[in-house]
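**Q** Here it is, the structure, as structure tokens.
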Amino acid sequence: MAGVIPLTLRRLSSSLRSRMRDRSPGLGPALAGGALAAGLGLGACAALVMVLWVSSPYPDSGPGGALHVAAALWLLAHGVELVRAETLSGAPQPVGLTPLLLLALPVWLVYRAARDATDASDEPDGPPPVPTRTAWTGVVLGYLAVGAAAALYASGGEPRPEWLWVTVCLPLLVGGAAGVGVWAGSGRPHPPVSSRLPHWVRVDALGTAARAAGAATAVLTGGGALLLGASLVWHGDTARLAFTQLTEGWTGRLTVLLLAVTLVSNAALWSASYALGPGFALGTGHMVHPLASDPAPLLPPFPLLAAVPDAGTGTPLNWAVALVPMAAGVTAGWFVAAAAVRRARPWLHWSAGRSVGVLALSALLCALILTLLAALSGGPLGTATLSHFGPVAWQTGPAAALWLLVLGTPVTLTARAWRLHALRRAGVLPSRRTKKRTWLTRAKAARPAEATPKVPDPTPEPKQDDLYDFLESDTPEPAPTPETVPHQPAAEDTTDTPDPADPSSPETTPDPAAPNPSP
């Protein structure tokens, strides 16, 4: 009995260890992953700020002030608006222009943490995969815990974050990036809502629209970056003068250079909005677009602001920026046409109406993406005139959708028809017969066939011999019926039959050769 109890305890402990091993990849590791992602981003900002503070010959404050600036800069990278209380006028000045290049770092870190939290172990005896809800909740809560601590720490320094923006922007960004990461870690399953969508908006069409929208957005932002570079080269002297006016030491110039690099993506979005037509604002009531340029006077000298067109009416050189949205529309149309007629399965090509519908969906997605990016790329840099900098988001997105629809539709239809024509010439698809259908033929085709009475088949004529085809054939007489045949009496039998009772009847003599049946 004494030996049974330790054996039972060992079995219970082994089963408990197996249960704990199976339950180990749960909320705890996801929380740690989210906190680690936030710590890495915060540490990167702190390292950059501390390097600049150490190399500065005239630091304004100690390391505590530099760490406060690092925490505020990390929150600004999430879209949180900051407030500067120490100004020349004495009034608080908001800073809400988010560097998009810094925004990419926390988004990527949260995405990686959420994706890694849902990955299953490759070992056969390893723990099971973490549920998606558990992984998402753990990563978001871990990241927000570090973010709340950073916001509390930054509130005691200069600049300080606005708590309203902290409670709105931080959870939205972290939740969205974690959701995409969990979805990618789970194998990119189709959402349940896709089965409720119309037939032409299913996964195939939705994926094509997303790729076309992404390609068009890349062309617009890339074209904006090219316009920015060309304008900086054109105004090179002004940019060089602005770079030297801000600071004199190499540490200050390095700081200005790093700030300009982090804002290059914002300036590329501003240039894309300029090419689309709505343009961007350089101060309240001062718009810059291809038709006219009206920047606010007395802007701070900054190298990227040197790329702003000169004040005045637009010239044909300014109007040439329309080539960028034209290229975006052609790109979107080509992507949709390539998906509408695929060489791998040409018999499943889309109709013209469905192709245009997918193009419209891609234009809508591109408009949503550009609206979000335009809203993030701008913001206030102060009060009064400096309260509005950047593109007008609600105008930039619809302008992009309009360009894609107007220029992408003919490209989609033309490229689709050309690909179908090439497949028919190659013999992959049957040749199309040009037969026009009017409204009358469509109505007849749609009308159900009326029931007609069945006519009995005619009685087949008897087959005649081919040798006597040259003779006149006799008409066959009908077979007589019992009613038409006359009744005739039966004929009497006149054959003489020998009567055995009559003695005069001749007798038959037996054949001697026949056998005698009696003994």
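Numbering starts at 1 and runs along the chain as it is shown here.
Cβ atoms are placed via backbone N, Cα and C, with glycine included.
Not my notes, these are from TrEMBL:
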type: TRANSMEM; residues: 27-53; note: transmembrane segment
type: TRANSMEM; residues: 65-83; note: transmembrane segment
type: TRANSMEM; residues: 95-114; note: transmembrane segment
type: TRANSMEM; residues: 134-154; note: transmembrane segment
type: TRANSMEM; residues: 163-185; note: transmembrane segment
type: TRANSMEM; residues: 205-234; note: transmembrane segment
type: TRANSMEM; residues: 254-276; note: transmembrane segment
type: TRANSMEM; residues: 319-341; note: transmembrane segment
type: TRANSMEM; residues: 353-376; note: transmembrane segment
type: TRANSMEM; residues: 396-415; note: transmembrane segment
type: REGION; residues: 434-519; note: region 'Disordered'
type: COMPBIAS; residues: 502-511; note: compositional bias 'Low complexity'
**Q** Tell me if the transmembrane segment (27-53) touches the transmembrane segment (95-114). I count contact as 3 or more CB pairs below 8 A, with pairs 6 or more residues apart.
**A** yes
**Q** Which residues of the same chain, at least 6 past either end of the transmembrane segment (65-83), have a Cβ under 8 Å from a Cβ in it?
**A** 41-42, 45-46, 48-50, 53, 59, 92-96, 98-99, 102-103, 105-106, 147, 150-151, 153-154, 156-162, 165-166, 169-170, 173-174, 376, 379-380
**Q** Need a quick answer: max count of Cβ pairs under 8 Å to the transmembrane segment (27-53), which of 134-154, 205-234, 319-341, 353-376 is it?
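**A** Between the candidates 134-154, 205-234, 319-341, 353-376, the best contact partner of the transmembrane segment (27-53) is 134-154.
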**Q** Hey, which bits of the same chain come close to the transmembrane segment (134-154), Cβ under 8 Å, at least six residues off its ends?
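**A** Residues packing against the transmembrane segment (134-154) from afar: 26-39, 42, 67-68, 71-72, 74-75, 78, 80, 110, 113-114, 117-118, 160-161, 163, 166, 170-171, 174-175, 178-179, 181-182, 185.
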**Q** Checking distant contacts: for the transmembrane segment (254-276), what same-chain residues at least six beyond its ends satisfy Cβ-Cβ under 8 A?
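**A** Residues 48, 52, 55, 97-102, 220-225, 227-228, 231, 243, 246-247, 288-290, 302-304, 307, 321-322, 324-325, 370, 373-374, 377-378, 390-392, 396, 399-400, 403 contact the transmembrane segment (254-276) from elsewhere in the chain.
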